[in-house]
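Peer 1: Right, I'll just put the structure down here and ask away after.
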Amino acid sequence: MKQAGFPLGILLLFWVSYVTDFSLILLIKGAALSGTDTYQSLVNRTFGFPGYLLLSVLQFLYPFIAMISYNIITGDTLSKVFQRIPGVDPENLLIGRHLIIVLSTVVFTLPLSLYRDIAKLGKISLISTVLTTLILGIVVARGVSLGPHIPKTEDAWIFAKPNAVQAVGVMSFAFICHHNCFLVYGSLEEPTVAKWSHIIHVSTLISVFISILFATCGYLTFTGYTQGDLFENYCRNDDLVTFGRFCYGVTVILTYPIECFVTREVIANVFFGGNLSSVCHIIVTVVIITVATLVSLLIDCLGIVLELNGVLCAAPLIFIIPSACYLKLSEEPRTHSDKIMSCVMLPIGAVVMAVGFVMAVTSPQDCSHGQEMFYCSPDNFSLTNISISHFQLTTQLSILNDSEIQVIQPGKSQLVLLWSHTVQHTSP
(Lines of atoms letter the chains of each structure in order from A; the text may use other names.)
(Lines give C-alpha, C1' and ligand atoms only; values in the text may rest on other atoms or scores of the structure.)
Protein backbone atom coordinates (compact mmCIF):
# COMPACT_ATOMS: atom_id res chain seq x y z
CA MET A 1 0.00 0.00 0.00
CA LYS A 2 2.85 2.36 0.85
CA GLN A 3 4.67 1.75 -2.42
CA ALA A 4 1.64 1.85 -4.73
CA GLY A 5 -0.62 4.40 -3.07
CA PHE A 6 -3.51 3.19 -0.93
CA PRO A 7 -6.39 3.19 -3.48
CA LEU A 8 -4.29 1.77 -6.32
CA GLY A 9 -2.71 -0.71 -3.91
CA ILE A 10 -6.11 -2.19 -3.06
CA LEU A 11 -6.94 -2.57 -6.75
CA LEU A 12 -3.56 -4.16 -7.50
CA LEU A 13 -4.00 -6.60 -4.64
CA PHE A 14 -7.28 -7.85 -6.10
CA TRP A 15 -5.72 -8.03 -9.57
CA VAL A 16 -2.66 -10.01 -8.41
CA SER A 17 -4.91 -12.42 -6.50
CA TYR A 18 -7.03 -12.96 -9.62
CA VAL A 19 -3.95 -13.60 -11.78
CA THR A 20 -2.62 -16.00 -9.15
CA ASP A 21 -5.89 -17.93 -9.12
CA PHE A 22 -6.00 -18.06 -12.92
CA SER A 23 -2.37 -19.13 -13.41
CA LEU A 24 -2.49 -21.85 -10.74
CA ILE A 25 -5.37 -23.52 -12.57
CA LEU A 26 -3.65 -22.88 -15.90
CA LEU A 27 -0.60 -24.83 -14.72
CA ILE A 28 -2.63 -27.93 -13.90
CA LYS A 29 -4.48 -27.63 -17.23
CA GLY A 30 -1.11 -27.45 -18.98
CA ALA A 31 0.07 -30.53 -17.09
CA ALA A 32 -3.07 -32.41 -18.18
CA LEU A 33 -2.46 -31.42 -21.81
CA SER A 34 1.20 -32.50 -21.71
CA GLY A 35 0.76 -35.60 -19.55
CA THR A 36 3.21 -34.35 -16.90
CA ASP A 37 2.99 -34.17 -13.12
CA THR A 38 5.61 -31.58 -12.08
CA TYR A 39 6.26 -27.94 -12.98
CA GLN A 40 9.71 -28.84 -14.29
CA SER A 41 8.53 -31.71 -16.48
CA LEU A 42 5.76 -29.48 -17.88
CA VAL A 43 8.24 -26.80 -18.96
CA ASN A 44 10.69 -29.43 -20.21
CA ARG A 45 7.98 -30.96 -22.39
CA THR A 46 6.97 -27.51 -23.67
CA PHE A 47 10.27 -25.65 -24.15
CA GLY A 48 12.92 -28.34 -23.90
CA PHE A 49 16.05 -28.41 -21.76
CA PRO A 50 16.75 -24.61 -21.83
CA GLY A 51 13.28 -23.90 -20.45
CA TYR A 52 13.75 -26.66 -17.90
CA LEU A 53 17.00 -25.10 -16.63
CA LEU A 54 15.51 -21.59 -16.46
CA LEU A 55 12.51 -22.81 -14.48
CA SER A 56 14.73 -24.86 -12.18
CA VAL A 57 16.77 -21.77 -11.32
CA LEU A 58 13.65 -19.69 -10.65
CA GLN A 59 11.92 -22.49 -8.78
CA PHE A 60 14.98 -22.89 -6.56
CA LEU A 61 15.66 -19.19 -5.99
CA TYR A 62 12.14 -18.19 -4.99
CA PRO A 63 11.70 -20.58 -2.03
CA PHE A 64 15.37 -20.22 -1.11
CA ILE A 65 15.06 -16.42 -0.84
CA ALA A 66 11.77 -16.94 0.98
CA MET A 67 13.66 -19.05 3.53
CA ILE A 68 16.08 -16.17 3.99
CA SER A 69 13.22 -13.72 4.52
CA TYR A 70 11.59 -16.07 7.04
CA ASN A 71 14.84 -16.18 9.02
CA ILE A 72 15.01 -12.38 9.01
CA ILE A 73 11.44 -12.19 10.31
CA THR A 74 12.15 -14.79 12.99
CA GLY A 75 15.20 -12.89 14.23
CA ASP A 76 13.44 -9.52 14.19
CA THR A 77 10.25 -10.62 15.94
CA LEU A 78 11.43 -13.11 18.53
CA SER A 79 14.35 -10.93 19.67
CA LYS A 80 11.83 -8.24 20.65
CA VAL A 81 9.69 -10.85 22.39
CA PHE A 82 12.56 -12.01 24.58
CA GLN A 83 13.52 -8.40 25.37
CA ARG A 84 10.16 -8.07 27.15
CA ILE A 85 10.97 -10.82 29.65
CA PRO A 86 11.39 -9.16 33.09
CA GLY A 87 15.00 -8.91 34.17
CA VAL A 88 16.42 -9.56 30.70
CA ASP A 89 18.91 -7.00 29.42
CA PRO A 90 17.83 -5.84 25.91
CA GLU A 91 21.51 -5.76 24.92
CA ASN A 92 22.12 -9.36 25.97
CA LEU A 93 23.73 -11.28 23.12
CA LEU A 94 21.77 -14.41 24.05
CA ILE A 95 18.55 -12.74 22.80
CA GLY A 96 20.17 -11.16 19.75
CA ARG A 97 18.65 -11.82 16.32
CA HIS A 98 21.67 -13.81 15.10
CA LEU A 99 21.57 -16.36 17.90
CA ILE A 100 17.78 -16.64 17.66
CA ILE A 101 18.02 -17.38 13.93
CA VAL A 102 20.61 -20.11 14.53
CA LEU A 103 18.72 -21.69 17.45
CA SER A 104 15.33 -21.67 15.70
CA THR A 105 16.97 -23.28 12.68
CA VAL A 106 18.69 -26.04 14.63
CA VAL A 107 15.81 -26.79 17.02
CA PHE A 108 12.74 -26.34 14.80
CA THR A 109 13.10 -25.70 11.06
CA LEU A 110 15.84 -28.24 10.33
CA PRO A 111 14.07 -31.22 11.98
CA LEU A 112 10.76 -30.30 10.33
CA SER A 113 12.45 -29.88 6.95
CA LEU A 114 13.90 -33.40 7.13
CA TYR A 115 10.46 -34.93 6.52
CA ARG A 116 10.20 -36.58 3.10
CA ASP A 117 6.40 -36.34 2.74
CA ILE A 118 4.89 -32.85 2.56
CA ALA A 119 1.50 -34.22 3.67
CA LYS A 120 2.97 -34.68 7.18
CA LEU A 121 3.06 -30.88 7.49
CA GLY A 122 -0.74 -30.67 7.28
CA LYS A 123 -1.28 -30.24 11.04
CA ILE A 124 1.53 -27.70 11.18
CA SER A 125 -0.18 -25.70 8.43
CA LEU A 126 -3.39 -25.72 10.49
CA ILE A 127 -1.51 -24.26 13.47
CA SER A 128 -0.07 -21.54 11.22
CA THR A 129 -3.55 -20.67 9.98
CA VAL A 130 -4.91 -20.31 13.53
CA LEU A 131 -1.96 -18.15 14.58
CA THR A 132 -2.39 -15.97 11.50
CA THR A 133 -5.97 -15.30 12.59
CA LEU A 134 -4.75 -14.20 16.03
CA ILE A 135 -2.13 -11.92 14.49
CA LEU A 136 -4.74 -10.36 12.24
CA GLY A 137 -6.94 -9.63 15.24
CA ILE A 138 -4.04 -7.87 16.99
CA VAL A 139 -3.24 -5.75 13.92
CA VAL A 140 -6.90 -4.73 13.60
CA ALA A 141 -7.14 -3.90 17.33
CA ARG A 142 -4.02 -1.77 17.19
CA GLY A 143 -5.29 -0.04 14.07
CA VAL A 144 -8.27 1.14 16.10
CA SER A 145 -6.42 2.09 19.30
CA LEU A 146 -3.08 3.31 17.92
CA GLY A 147 -3.93 4.69 14.49
CA PRO A 148 -5.57 7.98 15.61
CA HIS A 149 -2.47 8.92 17.64
CA ILE A 150 0.12 8.59 14.86
CA PRO A 151 0.42 11.55 12.45
CA LYS A 152 -0.37 10.78 8.84
CA THR A 153 2.18 11.53 6.15
CA GLU A 154 1.39 14.17 3.52
CA ASP A 155 1.11 11.68 0.67
CA ALA A 156 -0.92 9.14 2.65
CA TRP A 157 -4.03 9.25 0.46
CA ILE A 158 -2.52 9.74 -3.00
CA PHE A 159 -4.25 7.43 -5.50
CA ALA A 160 -1.07 6.16 -7.18
CA LYS A 161 2.67 6.40 -6.55
CA PRO A 162 5.66 5.81 -8.87
CA ASN A 163 6.72 2.63 -7.04
CA ALA A 164 3.55 0.73 -7.94
CA VAL A 165 5.56 -1.83 -9.93
CA GLN A 166 7.60 -2.64 -6.83
CA ALA A 167 4.33 -3.10 -4.98
CA VAL A 168 3.26 -5.70 -7.56
CA GLY A 169 6.52 -7.54 -6.83
CA VAL A 170 5.78 -7.63 -3.10
CA MET A 171 2.20 -8.77 -3.74
CA SER A 172 3.44 -11.46 -6.12
CA PHE A 173 5.77 -12.66 -3.38
CA ALA A 174 2.83 -12.81 -0.98
CA PHE A 175 0.51 -14.81 -3.25
CA ILE A 176 2.80 -17.12 -5.19
CA CYS A 177 2.61 -20.83 -4.47
CA HIS A 178 3.22 -22.05 -8.02
CA HIS A 179 6.57 -23.56 -7.11
CA ASN A 180 4.87 -26.10 -4.81
CA CYS A 181 1.43 -26.38 -6.41
CA PHE A 182 2.22 -29.75 -8.00
CA LEU A 183 3.33 -31.10 -4.61
CA VAL A 184 0.01 -30.02 -3.12
CA TYR A 185 -1.98 -31.23 -6.14
CA GLY A 186 -0.32 -34.63 -5.90
CA SER A 187 -1.18 -34.86 -2.18
CA LEU A 188 -4.95 -34.68 -2.90
CA GLU A 189 -6.85 -37.93 -2.46
CA GLU A 190 -8.52 -37.58 -5.86
CA PRO A 191 -6.58 -35.00 -7.89
CA THR A 192 -8.70 -33.59 -10.71
CA VAL A 193 -8.72 -30.20 -12.45
CA ALA A 194 -12.25 -29.51 -11.17
CA LYS A 195 -11.35 -30.31 -7.56
CA TRP A 196 -8.14 -28.30 -7.85
CA SER A 197 -10.04 -25.30 -9.26
CA HIS A 198 -12.46 -25.34 -6.34
CA ILE A 199 -9.62 -25.51 -3.80
CA ILE A 200 -7.75 -22.66 -5.52
CA HIS A 201 -10.83 -20.42 -5.69
CA VAL A 202 -11.55 -20.86 -1.98
CA SER A 203 -7.91 -20.54 -0.92
CA THR A 204 -7.32 -17.41 -3.01
CA LEU A 205 -10.50 -15.79 -1.74
CA ILE A 206 -9.52 -16.38 1.88
CA SER A 207 -5.94 -15.22 1.19
CA VAL A 208 -6.97 -11.95 -0.46
CA PHE A 209 -9.42 -11.25 2.38
CA ILE A 210 -6.69 -11.72 4.98
CA SER A 211 -4.20 -9.71 2.90
CA ILE A 212 -6.65 -6.82 2.46
CA LEU A 213 -7.27 -6.68 6.21
CA PHE A 214 -3.57 -6.78 7.04
CA ALA A 215 -2.65 -4.22 4.41
CA THR A 216 -5.51 -1.84 5.17
CA CYS A 217 -5.18 -1.89 8.96
CA GLY A 218 -1.39 -1.71 8.82
CA TYR A 219 -1.30 1.15 6.33
CA LEU A 220 -4.11 3.16 7.92
CA THR A 221 -2.22 2.94 11.21
CA PHE A 222 1.24 3.97 10.00
CA THR A 223 0.73 5.37 6.44
CA GLY A 224 4.10 6.55 5.06
CA TYR A 225 6.03 5.23 8.07
CA THR A 226 5.12 1.62 7.24
CA GLN A 227 8.10 -0.75 7.25
CA GLY A 228 8.66 -3.87 5.16
CA ASP A 229 8.08 -5.90 8.32
CA LEU A 230 4.90 -4.43 9.84
CA PHE A 231 5.85 -5.45 13.37
CA GLU A 232 8.90 -3.17 13.14
CA ASN A 233 6.42 -0.27 13.37
CA TYR A 234 5.05 -1.12 16.79
CA CYS A 235 6.65 0.02 20.04
CA ARG A 236 8.67 -2.63 21.81
CA ASN A 237 6.89 -2.20 25.14
CA ASP A 238 3.43 -2.96 23.78
CA ASP A 239 2.55 -6.27 25.42
CA LEU A 240 -0.32 -7.14 23.09
CA VAL A 241 1.93 -6.66 20.06
CA THR A 242 4.65 -8.67 21.82
CA PHE A 243 2.22 -11.60 21.90
CA GLY A 244 1.50 -10.95 18.21
CA ARG A 245 5.22 -11.01 17.47
CA PHE A 246 5.50 -14.38 19.19
CA CYS A 247 2.64 -15.80 17.12
CA TYR A 248 4.17 -14.30 13.97
CA GLY A 249 7.57 -15.86 14.69
CA VAL A 250 6.02 -19.28 15.30
CA THR A 251 3.96 -19.02 12.10
CA VAL A 252 7.03 -18.22 10.03
CA ILE A 253 9.03 -21.06 11.60
CA LEU A 254 6.25 -23.51 10.75
CA THR A 255 6.00 -22.20 7.16
CA TYR A 256 9.74 -22.47 6.51
CA PRO A 257 9.84 -26.28 5.91
CA ILE A 258 7.39 -26.05 2.99
CA GLU A 259 9.83 -23.82 1.11
CA CYS A 260 12.70 -26.14 1.93
CA PHE A 261 10.74 -29.06 0.43
CA VAL A 262 10.63 -27.25 -2.92
CA THR A 263 14.32 -26.27 -3.03
CA ARG A 264 15.29 -29.84 -2.20
CA GLU A 265 12.96 -31.26 -4.86
CA VAL A 266 14.49 -28.99 -7.52
CA ILE A 267 18.00 -30.13 -6.62
CA ALA A 268 16.86 -33.76 -6.58
CA ASN A 269 15.30 -33.45 -10.04
CA VAL A 270 18.23 -31.60 -11.63
CA PHE A 271 21.19 -33.49 -10.12
CA PHE A 272 19.86 -36.82 -8.81
CA GLY A 273 17.21 -37.84 -11.30
CA GLY A 274 14.39 -37.08 -8.89
CA ASN A 275 15.37 -39.57 -6.19
CA LEU A 276 17.47 -38.93 -3.08
CA SER A 277 18.82 -41.68 -0.86
CA SER A 278 18.36 -41.22 2.87
CA VAL A 279 21.93 -39.97 3.29
CA CYS A 280 21.73 -37.57 0.32
CA HIS A 281 18.33 -36.36 1.56
CA ILE A 282 19.86 -35.32 4.89
CA ILE A 283 23.01 -33.83 3.35
CA VAL A 284 21.13 -31.75 0.75
CA THR A 285 18.66 -30.49 3.37
CA VAL A 286 21.41 -29.48 5.79
CA VAL A 287 23.41 -27.71 3.07
CA ILE A 288 20.38 -25.73 1.81
CA ILE A 289 19.36 -24.63 5.30
CA THR A 290 22.93 -23.80 6.31
CA VAL A 291 23.49 -21.53 3.32
CA ALA A 292 20.10 -19.82 3.81
CA THR A 293 20.89 -19.25 7.48
CA LEU A 294 24.32 -17.76 6.75
CA VAL A 295 22.87 -15.33 4.19
CA SER A 296 20.06 -14.29 6.57
CA LEU A 297 22.65 -13.48 9.24
CA LEU A 298 24.22 -10.93 6.87
CA ILE A 299 20.98 -9.22 5.75
CA ASP A 300 18.59 -7.49 8.13
CA CYS A 301 16.27 -5.44 5.88
CA LEU A 302 13.19 -7.38 4.82
CA GLY A 303 11.70 -4.93 2.29
CA ILE A 304 14.41 -5.21 -0.38
CA VAL A 305 14.40 -9.03 -0.06
CA LEU A 306 10.65 -9.16 -0.71
CA GLU A 307 10.85 -6.78 -3.67
CA LEU A 308 13.72 -8.51 -5.46
CA ASN A 309 12.29 -11.97 -4.91
CA GLY A 310 8.92 -10.76 -6.14
CA VAL A 311 10.08 -9.14 -9.38
CA LEU A 312 12.86 -11.58 -10.29
CA CYS A 313 11.30 -14.92 -9.30
CA ALA A 314 7.61 -14.57 -8.45
CA ALA A 315 6.69 -12.50 -11.53
CA PRO A 316 7.94 -15.04 -14.12
CA LEU A 317 6.56 -17.97 -12.13
CA ILE A 318 3.11 -16.37 -11.90
CA PHE A 319 2.74 -14.28 -15.07
CA ILE A 320 5.09 -15.54 -17.76
CA ILE A 321 5.78 -19.27 -17.60
CA PRO A 322 2.23 -20.62 -17.00
CA SER A 323 0.91 -18.43 -19.83
CA ALA A 324 3.67 -19.38 -22.24
CA CYS A 325 3.21 -23.11 -21.56
CA TYR A 326 -0.55 -22.97 -22.05
CA LEU A 327 -0.33 -20.90 -25.23
CA LYS A 328 2.03 -23.43 -26.78
CA LEU A 329 0.18 -26.56 -25.63
CA SER A 330 -3.46 -25.57 -26.02
CA GLU A 331 -5.27 -26.08 -29.30
CA GLU A 332 -8.17 -23.83 -28.32
CA PRO A 333 -8.96 -20.93 -30.71
CA ARG A 334 -7.20 -17.62 -30.12
CA THR A 335 -10.45 -16.04 -28.95
CA HIS A 336 -10.75 -18.51 -26.06
CA SER A 337 -10.82 -16.69 -22.71
CA ASP A 338 -7.83 -18.63 -21.32
CA LYS A 339 -5.71 -17.73 -24.34
CA ILE A 340 -6.71 -14.06 -24.24
CA MET A 341 -5.83 -13.82 -20.56
CA SER A 342 -2.54 -15.61 -21.18
CA CYS A 343 -1.64 -13.12 -23.92
CA VAL A 344 -2.31 -10.27 -21.49
CA MET A 345 -0.30 -11.80 -18.64
CA LEU A 346 2.86 -12.42 -20.67
CA PRO A 347 3.82 -8.80 -21.49
CA ILE A 348 2.67 -7.55 -18.07
CA GLY A 349 4.93 -10.08 -16.38
CA ALA A 350 7.89 -8.97 -18.51
CA VAL A 351 7.29 -5.31 -17.60
CA VAL A 352 6.98 -6.10 -13.88
CA MET A 353 10.23 -8.04 -14.01
CA ALA A 354 12.31 -5.43 -15.84
CA VAL A 355 10.92 -2.22 -14.36
CA GLY A 356 10.52 -3.69 -10.89
CA PHE A 357 14.14 -4.81 -10.74
CA VAL A 358 15.47 -1.41 -11.84
CA MET A 359 13.27 0.44 -9.35
CA ALA A 360 14.05 -1.95 -6.49
CA VAL A 361 17.77 -1.32 -6.99
CA THR A 362 17.60 2.43 -7.63
CA SER A 363 14.81 3.27 -5.13
CA PRO A 364 14.99 0.73 -2.30
CA GLN A 365 12.58 0.84 0.62
CA ASP A 366 13.57 2.69 3.75
CA CYS A 367 14.59 0.29 6.50
CA SER A 368 14.73 1.27 10.15
CA HIS A 369 15.59 -2.23 11.33
CA GLY A 370 15.99 -2.50 15.09
CA GLN A 371 15.17 1.16 15.74
CA GLU A 372 12.24 2.46 17.72
CA MET A 373 9.93 4.64 15.65
CA PHE A 374 9.76 8.32 16.62
CA TYR A 375 6.23 8.08 18.00
CA CYS A 376 7.43 5.55 20.62
CA SER A 377 9.77 8.12 22.18
CA PRO A 378 8.78 9.88 25.46
CA ASP A 379 10.04 13.12 23.86
CA ASN A 380 6.98 13.12 21.60
CA PHE A 381 4.54 13.22 24.50
CA SER A 382 1.46 15.32 23.72
CA LEU A 383 -1.13 16.33 26.29
CA THR A 384 -3.74 16.76 23.60
CA ASN A 385 -3.69 13.04 22.96
CA ILE A 386 -3.90 11.84 26.57
CA SER A 387 -6.72 9.37 27.03
CA ILE A 388 -7.18 6.25 29.08
CA SER A 389 -7.19 3.73 26.25
CA HIS A 390 -6.31 0.09 25.91
CA PHE A 391 -3.19 1.06 24.04
CA GLN A 392 -2.04 3.27 26.89
CA LEU A 393 -2.77 0.59 29.47
CA THR A 394 -0.66 -1.99 27.67
CA THR A 395 2.23 0.17 26.49
CA GLN A 396 4.23 1.29 29.50
CA LEU A 397 6.55 4.26 29.46
CA SER A 398 6.16 5.18 33.13
CA ILE A 399 4.28 3.95 36.17
CA LEU A 400 2.60 6.22 38.69
CA ASN A 401 2.29 4.45 42.02
CA ASP A 402 -0.19 5.21 44.81
CA SER A 403 -0.35 8.94 45.58
CA GLU A 404 2.70 9.62 43.39
CA ILE A 405 3.05 13.02 41.72
CA GLN A 406 4.55 13.27 38.25
CA VAL A 407 5.37 16.59 36.62
CA ILE A 408 4.99 16.73 32.88
CA GLN A 409 6.37 19.73 30.99
CA PRO A 410 4.67 20.25 27.65
CA GLY A 411 6.48 23.24 26.21
CA LYS A 412 6.52 26.10 28.71
CA SER A 413 3.63 25.02 30.92
CA GLN A 414 3.46 22.50 33.72
CA LEU A 415 0.73 20.12 34.65
CA VAL A 416 0.74 18.14 37.86
CA LEU A 417 -1.14 14.86 37.69
CA LEU A 418 -2.15 13.16 40.92
CA TRP A 419 -3.68 9.71 40.56
CA SER A 420 -4.61 7.68 43.63
CA HIS A 421 -4.30 4.32 41.91
CA THR A 422 -1.49 2.76 39.94
CA VAL A 423 -1.90 3.93 36.35
CA GLN A 424 0.15 3.28 33.24
CA HIS A 425 0.23 5.91 30.53
CA THR A 426 2.24 6.61 27.45
CA SER A 427 2.98 9.05 24.70
CA PRO A 428 0.76 8.27 21.70
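If you go along the chain as it appears here, the first residue is 1 and each next one adds 1.
Glycine residues also receive a Cβ, built from the backbone N, Cα and C atoms like all the rest.
Pulled these features from TrEMBL for this protein:
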DOMAIN    1-360  domain 'Amino acid transporter transmembrane'
TRANSMEM  6-28  transmembrane segment
TRANSMEM  49-73  transmembrane segment
TRANSMEM  93-112  transmembrane segment
TRANSMEM  124-144  transmembrane segment
TRANSMEM  164-188  transmembrane segment
TRANSMEM  200-222  transmembrane segment
TRANSMEM  242-262  transmembrane segment
TRANSMEM  274-299  transmembrane segment
TRANSMEM  305-327  transmembrane segment
TRANSMEM  339-361  transmembrane segment
Peer 1: Are there at least 3 C-beta pairs under 8 angstroms linking the transmembrane segment (93-112) and the transmembrane segment (164-188), leaving out pairs fewer than 6 apart in sequence?
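Peer 2: No, the transmembrane segment (164-188) does not contact the transmembrane segment (93-112).
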Peer 1: Can at least 3 Cβ pairs under 8 A be found between the transmembrane segment (93-112) and the transmembrane segment (242-262), with each pair 6 or more apart in sequence?
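Peer 2: Contact confirmed: at least 3 Cβ pairs fall under 8 Å.
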Peer 1: Check the transmembrane segment (200-222) against each of 6-28, 49-73, 124-144 and return whichever range has the most CB pairs under 8 Å.
Peer 2: 6-28
Peer 1: For the transmembrane segment (49-73) and the transmembrane segment (305-327), does the number of C-beta pairs under 8 Å, pairs 6 or more apart in sequence, reach 3 or more?
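Peer 2: These two stretches do touch.
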Peer 1: Which of 6-28, 124-144, 274-299, 339-361 shares the most C-beta pairs under 8 angstroms with the transmembrane segment (242-262)?
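Peer 2: When the Cβ pairs under 8 Å are tallied, 124-144 comes out ahead.
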Peer 1: Any residues 6+ beyond the ends of the transmembrane segment (6-28) with a Cβ under 8 Å from its own?
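Peer 2: Contacts with the transmembrane segment (6-28): 39, 42, 156-161, 164, 167-168, 171-172, 175-178, 181-182, 185, 193, 196-197, 200-201, 204, 207-208, 211-212, 215-216, 219, 318-319, 322-323, 325-326, 338, 341-342, 345.
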Peer 1: With a Cβ cut-off under 8 Å, give me the same-chain residues at least six positions beyond the ends of the transmembrane segment (339-361) that come close to it.
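Peer 2: Answer is 19, 22-23, 26, 162-163, 165-166, 168-169, 172, 304, 307-308, 310-312, 315-316, 318-320, 322-324, 326-327, 330, 332-333.
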